[in-house]
Amino acid sequence: MKKKLIIVVGPTASGKSDLTFKLAQDLKSEIIVCDAYQVYKEISKGINKPEIENLNAIKHHFVNHVSINEVWHIKRFKEEIEELINSNMDKNFILEGGSNLYIDCLINNYQLNELDLTLDYSNLSNDELYEKLQKLDFEESLKISKNNKKRLIQALRIIESNNNTKKSVLDKNNKEPLYDFFLIRMIIDRDILYKKINDRADKMFKNNWREEVEQLIKANGNSMMNTNALKALGYDEIYNSIIENRETNLDLIKQKTRNYAKRQETWIRNKFKIDFNFSNYDQYNELLDKCKAFLNDKK
């Protein structure tokens, strides 16, 4: 019988963390945070890490897990999460989606090769990256916006590390899933979501987000922007504003975050098999019953 795992996914600022925490309390579960940036110890102000009280109340895995100077990538995440789950088969885990690709690689059990981290795309413009992707993998280029530099680089790194199209790499390395999943999708009105994103950005900025980046620059020098940790939304704009001695364009950060949330919703809708759509806490008891039934099903 496969290990059963509950997953909560949804766009940023949709309330995933609150729902995951409440479910973990009621199901006596530990939480696995599947986020590409909460894993880092040195950044916190702009990535909505769990509150200290929550971290103390329930075990959260992969939060404050590595230093920004360490190599961290999706392959290492998959290896470590499988080791964690397989060595604790008696425990319940709820996975909180932050980076949908992390969730996708676990659900589909992708066998990932080491990515060539020496491949450097930092000097290429978005247009140059997109043109390169079109030449190497035209089908993949149709799925990615020319403005989404992070995903363009991510796709190119997979393609060039494996000398094959992204689809061929994933198809070749896709094996039978190791676990059974119950996937919960957060549903939230677009206007409400965008207001939450804007309000959260204001709160983060008032909570010394810019000062955090200033301290990172002092501690690590200007080369810090080459670390994966500082590719988190908003950090590049804050970094550039400090280096250029200007005010941070918080409206730009809000706009990029809203665009990111929209892309997340599209990904979730198109890629994942949803078991429960959660839109308000009137549904909570129904959801909890379904989660218990899933965990207790011995099939």
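Including glycine, each Cβ sits where the backbone N, Cα and C put it.
If you look up Swiss-Prot, you'll see GLY10, PRO11, THR12, ALA13, SER14, GLY15, LYS16, SER17 marked as ATP binding site, on the strength of sequence analysis. The Cβ of SER14 (ATP binding site) has 23 neighbouring Cβ atoms from other residues within 10 Å, across all protein chains displayed.
What Swiss-Prot records for THR12, ALA13, SER14, GLY15, LYS16, SER17 is substrate binding site. In this view, LYS16 (ATP binding site) is surrounded by 23 other Cβ atoms within 10 Å of its Cβ, with every protein chain counted.
According to Swiss-Prot, the site 'Interaction with substrate tRNA' annotation covers SER99. With a cut-off of 8 Å between CB atoms and residues at least 6 apart in sequence, the same chain places CYS34, ASP35, ALA36 near SER99 (site 'Interaction with substrate tRNA'), listed in sequence order.
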Spatial neighbours of PRO11 (ATP binding site) that are distant in sequence (at least 6 apart) but have CB under 8 A: MET186, ILE188, LEU193, TYR260, ALA261, LYS262, GLN264, GLU265, ILE268
CB-centroid shell, 8 A cutoff, substrate site THR12, ALA13, SER14, GLY15, LYS16, SER17, site residues removed: GLY10, PRO11, ASP18, ASN48, MET186, LYS196
Long-range Cβ environment of GLY15 (ATP binding site), under 8 Å and at least 6 residues apart: MET186, ILE188
Cβ-Cβ neighbours of ALA13 (ATP binding site) (radius 10 Å): 23
Residues within 8 Å of the GLY10, PRO11, THR12, ALA13, SER14, GLY15, LYS16, SER17 Cβ centre (excluding the ATP site residues themselves): MET186, ILE188, LEU193
